[in-house]
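Contents: one structure, followed by commentary.
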Amino acid sequence: MISLGLILFSSVLCHVATAGRTCPKPDDIPFATVVPLKTFYDPGEQIAYTCQPGYVFRGLTRRFTCPLTGVWPTNTVRCIPRVCPFAGILENGAVRYTTFEYPNTISFACNTGFYLNGSSSAKCTEEGKWSVDLPVCTRVTCPPPSVPKFATLSVFKPLATNNSLYGNKAVFECLPHYAMFGNDTITCTAHGNWTTLPECREVKCPFPSRPDNGFVNYPAKQILYYKDKAMYGCHDTYTLDGPEVVECNKFGNWSAQPSCKASCKLSVKKATVLYQGERVKLQEKFKDGMLHGQKVSFYCKNKEKKCSYTEDAECIDGTIEIPKCFKEHSSLAFWKTDASDVKPC
């Protein structure tokens, strides 16, 4: 007959053998939750992994049972982001992105001359869909430009709607007697407006003054306006210093103030000089004197080196300074060689 003590001892051994060890809290998986979540589990208890919204399950199984060994089986659970479909091609624009995965955001931008019609960004949602549809890039247009006062449109080619596209230009002209301040050309900008309009202002100039030893002709009218012209001239033996024709400019001044400069009488009777790169006889080429602004080069001797060099002389309003190194060759001293005939240094 089996004793009661032996029976109790056997039952304790059996319980220890079948109870096993408890399992610890399972590994944390990014973007996943465990149900039920406890600090330890008895052998035979089950857990299940669930992915958070926006993520999908990858692995062999999502359910695990705590074994008698107290060690969880190898866990291959992964929760990966949902991937939204290709966003599409934005015509006349660009889609900027790093990835199409949840919860990333993509942005939209239009090329210069187009504006965004729709949202500037879209987010990949938990369902793997984009939060908004692909926008549209619409071409920028400008309304008909305003015409400045006292101006006319000289160049303008609008659309059939009378609007203009980005980059289109309009060119203005001022009415007679009016000068333009600012750029005569305006451009339709990427913002749908025109660049700054110019301004047309009436401009008057004083009557031009007559130069000494000369004359000036201009239109016979009471007032001289912008773009009116005057013509200058000089008396005999005087040379005009400045343009022959001047114009009333936009600032109410004449474009130049010409003057009449006197010719130069030459004290040298005989010399060979350089004029515009050619050797000429001074007494023949300039028998009536040199005009203001004319320049010649006189030949001089370098006695030490026995060679010649040139120095310039210019007629300036009736005055010319003959180089000091120049020595006029006398016809009586026929045995002497003129500096112009000596080899150059």
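A Cβ is built for glycine as well, from the same backbone N, Cα and C atoms used for every other residue.
According to Swiss-Prot, the protein carries these features:
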DISULFID  CYS23-CYS66  disulfide bond
DISULFID  CYS51-CYS79  disulfide bond
DISULFID  CYS84-CYS124  disulfide bond
DISULFID  CYS110-CYS137  disulfide bond
DISULFID  CYS142-CYS188  disulfide bond
DISULFID  CYS174-CYS200  disulfide bond
DISULFID  CYS205-CYS248  disulfide bond
DISULFID  CYS234-CYS260  disulfide bond
DISULFID  CYS264-CYS315  disulfide bond
DISULFID  CYS300-CYS325  disulfide bond
DISULFID  CYS307-CYS345  disulfide bond
DOMAIN    21-81  domain 'Sushi 1'
DOMAIN    82-139  domain 'Sushi 2'
DOMAIN    140-202  domain 'Sushi 3'
DOMAIN    203-262  domain 'Sushi 4'
CARBOHYD  THR33  O-linked glycosylation site
CARBOHYD  ASN117  N-linked glycosylation site
CARBOHYD  ASN162  N-linked glycosylation site
CARBOHYD  ASN183  N-linked glycosylation site
CARBOHYD  ASN193  N-linked glycosylation site
CARBOHYD  ASN253  N-linked glycosylation site
REGION    263-345  region 'Sushi-like'
*Would you report the average pLDDT that the model assigns to the domain 'Sushi 1' (21-81)?*
96
*Fewest Cβ neighbours within 10 Å, where candidates are the disulfide-bonded residues CYS23, CYS66, CYS79, CYS124, CYS200*: CYS79
*Kindly report the helix/strand/coil residue split of the domain 'Sushi 3' (140-202) according to DSSP, in that order.*
0 helix, 29 strand, 34 coil
*How big is the gap, in Å, between the Cα of CYS174 (disulfide bond) and that of ASN253 (N-linked glycosylation site), rounded to a whole number?*
18
*In whole Å, note down how far the CA of CYS124 (disulfide bond) lies from the CA of CYS315 (disulfide bond).*
86
*Three states by DSSP: which one describes CYS260 (disulfide bond)?*
strand
*Could you work out which of the disulfide-bonded residues (CYS307, CYS315) has its C-beta surrounded by the smallest number of other C-beta atoms within 10 A?*
CYS307
_Measuring Cα to Cα, how many Å separate CYS248 (disulfide bond) from CYS264 (disulfide bond)?_
33
*Other CB atoms, at most 10 A from the CB of ASN193 (N-linked glycosylation site)*: 12
*Sequence gap of 6 or more, C-beta under 8 Å: which same-chain residues meet both conditions with respect to CYS110 (disulfide bond)?*
LEU90, ASN92, GLY93, LEU116, CYS137
*Which of these disulfide-bonded residues is closest to CYS205 (disulfide bond) if you go by CA atoms: CYS142, CYS188, CYS234, CYS264?*
CYS234
_If you compare CA-to-CA distances from CYS188 (disulfide bond) to each of the recorded positions THR33, CYS124, CYS264, CYS300, CYS345, which comes out shortest?_
CYS124
*In three-state terms from DSSP, label CYS66 (disulfide bond) for me.*
coil
*Can you count helix, strand and coil residues in the domain 'Sushi 2' (82-139) using DSSP?*
0 helix, 25 strand, 33 coil
